[in-house]
Amino acid sequence: MLFLPILILNLLIITHAIDIIPREVLFQDPKYSSVSLSPDAKQVGYVAPDENGIRNVFTRCSSCSYSRQVTFETEHPILNYVWTAIPDVILFTQDNHGDENTRIYKKNISATAIAADKTQRVVISEKPMVKAMILSNNLISETVLIGMNDENPALHNIYAFNCQTDELKLVLQNRRFSIFFFDNDLNVRLASEEGPDGEMIYYRPRSNEGARTTEQNTWVEYLRIQHDDKAITMPITFDKSNNFMYWIMGDGSDLGNLVVFPFEDPQQKEILYTAQRAQIGNVLIHPTDKTLLAVTEVYHKPELFVANETFMEDLQYLVNMKPSGSMNIVSMSIDMSTWLVTYSSSDEPYDIYLYRRWNKKAELFMSTRPELKKYTLNKQIGFDFRARDEMTIQAYLSLPPQAPLLKSSQVPDGDRPYANLGMIPAVPQKMIVLVHGGPKARDHYGFSPMNAWLTNRGYSVLQVNFRGSTGFGKRLTNAGNGEWGRKMHFDILDAVEFAVSKGIANRSEVAVMGGSYGGYETLVALTFTPQTFACGVDIVGPSNLISLVQAIPPYWLGFRKDLIKMVGADISDEEGRQSLQSRSPLFFADRVTKPIMIIQGANDPRVKQAESDQFVAALEKKHIPVTYLLYPDEGHGVRKPQNSMEQHGHIETFLQQCLGGETQPFQPGQYNSSAIIKKIGIEGAAIARQNLQIAQNQFAQQLPRGPVAPSIFYRPPVRAQRVMLAPNQNVMNRIFPVQG
C-alpha cells in the first residue's frame, strides 16, 4: 500500500502527451553522413541529399563555412566515396536499386572541372552483374586497387586504376582466392581461401616479386586459422617498412591479442595488447609511420586504450571535452595534424568536431541531424543476463524518455542494481525486441533513429547480443553455430523473460522485429513460440534455410563452409536438409496466430524475394492474416528516403494496432514510395489458433526453463573512457603488460 500513491502519480505522468518526432525528421537522409577529411585537411567531404533528394557528395572548406555540391547524380544515390592521393579527385560507388553490384566512378571535384561539366565522370566499372570493390588505397600513390568479378562471379580479379591517367590494368587474374591483403605499397602480400573444415588458410606469393596468377605453384601456405579462431583473427596492416605485420590473433584466447611479427616468421609474434573484457574493436595506426596509437574495446560502451604517449595529451583533451560521451576519431589528415572527432551518445545525434593538434583545440564543425536537437531522446543502458544454460548475454534496454523510473528504495533488493542503472519503470512497458542481423554482428551503444522512433512512440526497446553475435569473444560467437532456431532463439526468449520478471515489460505487450537474420528470428518467434509475442515485423528475413543456402550470391561461395557451420547443416545430404527444414519457419507457417508484417526488397541478392513470397503464400493458403510490403527498387533493406518513411509509417500503424503506442497520422502512398502492398484477411485466425495448441505441445519439450531473474554482472563505469599511459611505441616492444 505504501507504493500506491506513487504508482498512481506515475500513471498520470505516463499518460501525459509527448512531442511526436515526425518520421520525416527521423528517416530522411541525414544532413551529413560518410563524413571524412581530405588527406591535405583542406576539405571535409560528406554525403547528403541534393535539392532533388538524391544522395550526392558535397565538400565543405575546413577553415571556413563554404560548402558545395561536387557530384550530380540524378538517378542512383551515392553509396560511398573515398579521397585519393590526387588533390580534388575522388572515387564514388553506386548500385542499381539495391542489387549490390557496385559500380565505381572517378570524379574531378575541382571548381574548374565542375564549372566546365558538372556531370562529367570517368567510368572505372559499371558492367551489368559485376560487383566492383575498392580493395586498397594508400593515399600516397596515384594508383588505387580495384576488384571486379568480371570473369567469374564468385571471384574478383585485381586491377590497378591510375587516378591521373585513367588507365585500368589487370594486376592479378584470380581463379581461387576470396580475400587479398596488400602492403603499404599496394603489393599483394597475402591471399586466403577456406579449407575443407571451414578453416581460413592464408597464402603468400612464392616469389618476392609477387604473383600475377593464382596457380598453385605460385603460392605457399603462410598461416592456417582454425574455424573456432576465425571470428577474432584478422590481419590489420604492415609497419612502415612492410617487413612486420600487425594482426589480431585468436589462438589461445577468447577475446584475442593484438600482436606484431616479422612477415617472414609469423611464429615470432610479440603481444602488444591483450583484450580485457570485449574483443578489440578499432586499431588506430599512424597514417604515415604506421606505428600503433590506440585500440578500443566495446562491451557496453567504447573504451579507449592509448599506446603512444605523444598521443596522450590530444586524447585526454578530447575525452575531457565531453566526458559523458564516448569519443571516436572519424578521420585524420595524412600528416595527422587535423582530425574529425565524434562522440557516441544514445540521447543525442552525432556531432562532428574539427580538432587541430597544433593548438589543441576542437570546435563543433557540423551536426548530423540538427533538427532532432529540440526533442528528448531515449537513453540506452547496457546490461548482462544469464541464459538458461548459464551463458552470459549482453543486451541493451532503451525506455521511453517520458517513462517514470523507480528508485532503488522502491524495488526489491535483488532489483536495486537495475534500478540504479535506470532500468526499472514505474509500470511495465510495451516492448519491442529489436533483433540485429548478421548474425555475425552486434548491437552497439549510440544514437539510433530506430530506437529514437520506437521509444518516442511509447515502446521500450530490447536489443540482445545473443550467441552467434560478434564482439564478445569467440566462445559466444561459436556457440551460435548450428543454433539458428534453437539456442539463439532461446536467448531472445530468456531476454524477454528477464524483462518481464523485472517489471520492465508487460508479458502480453511484447512484439518482435528485425532485419535479415533478425527477420528470420521474427519468423521463428511467430511460428515456434507465438504465445510469447503479440505480433512481429520481418524485414528481409529468410524463411527457408534450404533455399537460403541454395541461393547465396556467387561472391559468397568463398565463405560457403562458414555459412554451413553457422546454420549447422548442408543441403548436400538428406539429414542436413531435414535439419534445416526443422528450423525453417516456412514449414511451420500454419502455427502463426499473431499479426505479422513482412517487408522485402525485390533486388535483394542475399535474401531473395522468394524467401518472403513463399512464406506469404503459405500463410495465404492457410487463410492466416499477413501484411506484405514489396519494394521493387530496393535490395537487402530499404534505403531510399521515400520508401523508408513509407515503411516506417506502415510499421508504426501496425504496432499501434497490435500494442497501442503513439502514432503520427499516416496514409499509404503519402510519401510516393514504390511499395506494393498485399494484405490477407483475418478469416483464418481461428484455424491458426487451433493449430497452435499442437505446435505448443511439440515445442514445449525443447524449452528447458532457466532462471527468470538473472543476477547483474557488470555496471558500466561512470567514466566515458579509460586512458592508459604507455611507453613510446616500437614495433617490437610490448606496449601493455599481459594480464592473466
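Note: Cβ is positioned from N, Cα and C throughout, glycine not excepted.
Swiss-Prot annotations:
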type     : residues  : note
TRANSMEM : 2-22      : transmembrane segment
CARBOHYD : N108      : N-linked glycosylation site
CARBOHYD : N308      : N-linked glycosylation site
CARBOHYD : N506      : N-linked glycosylation site
ACT_SITE : S516      : active site, charge relay system
DISULFID : C535-C658 : disulfide bond
ACT_SITE : D604      : active site, charge relay system
ACT_SITE : H636      : active site, charge relay system
CARBOHYD : N672      : N-linked glycosylation site
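The structure, with features from Swiss-Prot marked on it.
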residue	record	CB count, 10 Å
N108	N-linked glycosylation site	19
N308	N-linked glycosylation site	18
N506	N-linked glycosylation site	17
S516	active site, charge relay system	23
C535	disulfide bond	22
D604	active site, charge relay system	23
H636	active site, charge relay system	20
C658	disulfide bond	20
N672	N-linked glycosylation site	9
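Cα distances from C535 (disulfide bond) to the active-site residues S516, D604, H636 are smallest for S516. Among the recorded positions listed here, namely N308, N506, D604, N506 has its C-alpha nearest to that of C658 (disulfide bond). Mapped onto three states, the DSSP output places C658 (disulfide bond) in helix.
In this structure, N108 (N-linked glycosylation site) is part of a beta strand by DSSP.
Neighbours of S516 (active site, charge relay system) among the recorded positions N108, N506, H636, defined as a Cα within 10 Å of its Cα, are H636. Each residue contributes its Cα atom, and for N108 (N-linked glycosylation site) and N672 (N-linked glycosylation site) those atoms are 34 Å apart. Here the candidates are the recorded positions N506, D604, H636, N672. The one whose C-alpha lies nearest to that of N308 (N-linked glycosylation site) is H636. Secondary structure at N506 (N-linked glycosylation site), taken from DSSP and collapsed to helix, strand or coil, is strand.
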